[in-house]
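Visitor: Following this message is one structure expressed as structure tokens.
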Amino acid sequence: MSVDALNPIFFVLILVVGILSSFVLQKLSNEKLEHVKYLSIDGLRGYLAFFVFIGHSAIWYFYLKNGIWTFVNSKLFYASASISVLFFFMITSFLFFLKLYDNKTKPIDWVRLYISRCTRLMPLYYFAFFFILFFVFVLSNFKLNIPPLLLIRQILQWLSFNLLGITDINACKETTIIIAQVVWSLQYEWLFYFSLPLLNLIFFRSKSNTLIFIISTILFSVFTVLLKPDVYYFYIFTGGVIAAYAVRKVNIKNPNTPFWNSILLMLIFFYFLFMKINEHQYWVAILLFAIFLLIAIGNSLFGLLTTKFSRFLGQISYSIYLLHPILLFTTFKFIIPYEFVKNLSPLEYWLIIAVLTPVLISICYLTFKKIEEPIMRKTGKITSLIQKK
């Protein structure tokens with residue numbers, strides 16, 4: 001019996017394997033989970049990153065068949081790769097707008113805030129970029145196909161977190177496929193960070209560090225003009241801002257009906273599965289906001305989002321988001337022969353993805369412990385050194 005490669009059963013299979021892998025690794029490692037106030041959001045992050053992995057795995061199946069990198073014709077797999085990123089934007093704006101809201105009682109150390117963004121995002125990104133650069137030259141047979149100055153320019157573009165745009169490196173057509181183009185979202189994250197002192201002044205009439213205010217506002221203005229970002233994504237960030245306002249100002253609480261809230265979340269989720277959606281439709285943004293608000297006020301989806309294994313997955317979510325494309329690329333370009341993998345049946349292909357899943361989660365746990373966490377812990381020390389100068 002032939003099974004469609006986009007059958008939802010494969011999505012469920014990989015999700016279950018991912019949950020089991022996270023559960024086992026969290027138990028074996030006895031990893032101490034970071035103390036956070038919004039446990040459901042912490043758990044949500046892990047599933048969002050993992051959904052992106054599943055979505056890109058589906059894209060890879062068809063890329064191996066026809067050589068075309070594009071979204072798949074499936075509501076479920078399409079949403080897992082694209083809609084998940086929109087939730088990440090809401091999470092960012094929600095958490096950081098709460099910082100602005102609490103600024104009067106807990107003054108923001110603006111130097112530390114921006115140092116923390118650098119120590120959080122840069123180390124793993126540059127680690128991933130090392131592999132991108134390595135694979136580019138492997139595919140180029142270690143030959144320089146463009147002028148050296150152009151190569152330097154291309155590398156600098158990538159090092160800028162997409163703020164200067166990204167392009168193929170050394171005329172390698174598969175450059176962005178190595179990373180599955182996931183870095184597109186990082187420029188929007190940085191634009192939002194640059195806007196924080198300005199938002200602080202506009203919404204709370206609160207002054208920031210003068211130098212940081214000037215620099216961040218200039219950076220936000222310059223890159224907004226240069227990049228011409230899609231305004232729709234700013235609306236998505238606004239959803240997180242509104243949720244923060246609802247939680248703090250309106251003081252919306254999770255009513256004593258968590259079961260029915262979870263049912264409502266599930267109904268909205270299944271609505272996404274059976275309706276043809278485009279993430280740029282504004283009614284989609286409204287539904288996403290409704291889902292996010294329910295989670296922000298404490299709904300845990302029958303307790304799933306607050307379990308230790310879900311929060312463990314959330315803790316390594318940045319590694320999952322950045323490194324899963326490299327694992328897929330390595331597997332299908334260098335480990336499994338192309339002639340073999342392109343002829344795999346859907347079931348055979350997804351069984352390979354199932355095998356890769358615990359490998360991915362294990363790698364991401366290691367990169368979190370050895371790269372992300374140690375450098376994040378140096379945030380205070382780096383901040384002190386800078387402020388002394």
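Cβ atoms here come from the backbone N, Cα and C positions, even for glycine.
So TrEMBL lists the following for this protein:
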type: DOMAIN; residues: 39-366; note: domain 'Acyltransferase 3'
type: TRANSMEM; residues: 6-25; note: transmembrane segment
type: TRANSMEM; residues: 46-64; note: transmembrane segment
type: TRANSMEM; residues: 76-101; note: transmembrane segment
type: TRANSMEM; residues: 122-142; note: transmembrane segment
type: TRANSMEM; residues: 186-203; note: transmembrane segment
type: TRANSMEM; residues: 210-226; note: transmembrane segment
type: TRANSMEM; residues: 232-247; note: transmembrane segment
type: TRANSMEM; residues: 259-277; note: transmembrane segment
type: TRANSMEM; residues: 283-306; note: transmembrane segment
type: TRANSMEM; residues: 318-337; note: transmembrane segment
type: TRANSMEM; residues: 349-368; note: transmembrane segment
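Help me see these features in their spatial surroundings.
Guide: Listed as Cβ neighbours of the transmembrane segment (6-25) (distance under 8 Å, sequence separation of 6 or more from its ends, same chain) are residues 31, 46, 50, 53-54, 57-58, 72-74, 76-77, 80, 273, 309-310, 312-313, 346, 350, 353-354, 357-358, 361-362, 365.
Counting only same-chain residues 6+ beyond the ends of the transmembrane segment (76-101), those with a CB under 8 A from a CB of the stretch are 6, 8, 11, 38, 41, 44-45, 48-49, 51-52, 54-56, 58-59, 108, 113, 185, 188-189, 192-193, 196, 199-200, 203-204, 206, 233, 236-241, 243-245, 247-249, 272-273, 277, 279, 284-285, 288-289, 291-292, 296.
For the transmembrane segment (122-142), same-chain residues at least 6 beyond its ends with a Cβ under 8 Å from one of its own Cβ atoms are 155, 158-159, 161, 169-172, 174-175, 178-179, 183, 186, 318-319, 322-323, 326, 329-330, 333, 367, 371-372, 375.
For the transmembrane segment (186-203), same-chain residues at least 6 beyond its ends with a Cβ under 8 Å from one of its own Cβ atoms are 89, 92-93, 96-97, 100, 103, 108, 110, 113-114, 117, 121, 125, 161-163, 209, 212-213, 216-217, 219-220, 223-224, 227, 229, 233, 237.
Sequence-distant contacts of the transmembrane segment (210-226) (same chain, at least 6 residues past either end, Cβ-Cβ under 8 Å): 110-111, 114, 163, 187, 190-191, 193-198, 201.
Proximity of distant same-chain residues to the transmembrane segment (232-247), defined by a Cβ-Cβ separation under 8 Å and at least 6 residues beyond the stretch ends, is recorded for 86, 89-95, 97-98, 101, 188, 192, 280, 282, 285, 288-289, 292-293, 296-297.
Distant neighbours of the transmembrane segment (283-306): 38-44, 47, 83, 86-87, 90-91, 94, 232, 235-236, 239-240, 242-244, 246-247, 252-254, 258-259, 261-262, 264-266, 268-269, 271-272, 277; these residues of the same chain sit at least 6 beyond its ends, with a Cβ under 8 Å from one of its Cβ atoms.
Sequence-distant contacts of the transmembrane segment (318-337) (same chain, at least 6 residues past either end, Cβ-Cβ under 8 Å): 46, 49-50, 52-53, 56-57, 60, 64, 120-121, 124-125, 128, 131-132, 135, 174, 177-180, 182, 352, 356, 359-361, 363-365, 367-368, 372.
Remote same-chain residues near the transmembrane segment (349-368) are listed as 5, 10, 13-14, 17-18, 21-22, 24-25, 29, 31, 53-54, 57, 61, 124, 127, 313, 315-316, 318-320, 323-324, 327-328, 331, 336, 341 (criterion: CB distance under 8 Å, separation of at least six residues from the stretch ends).
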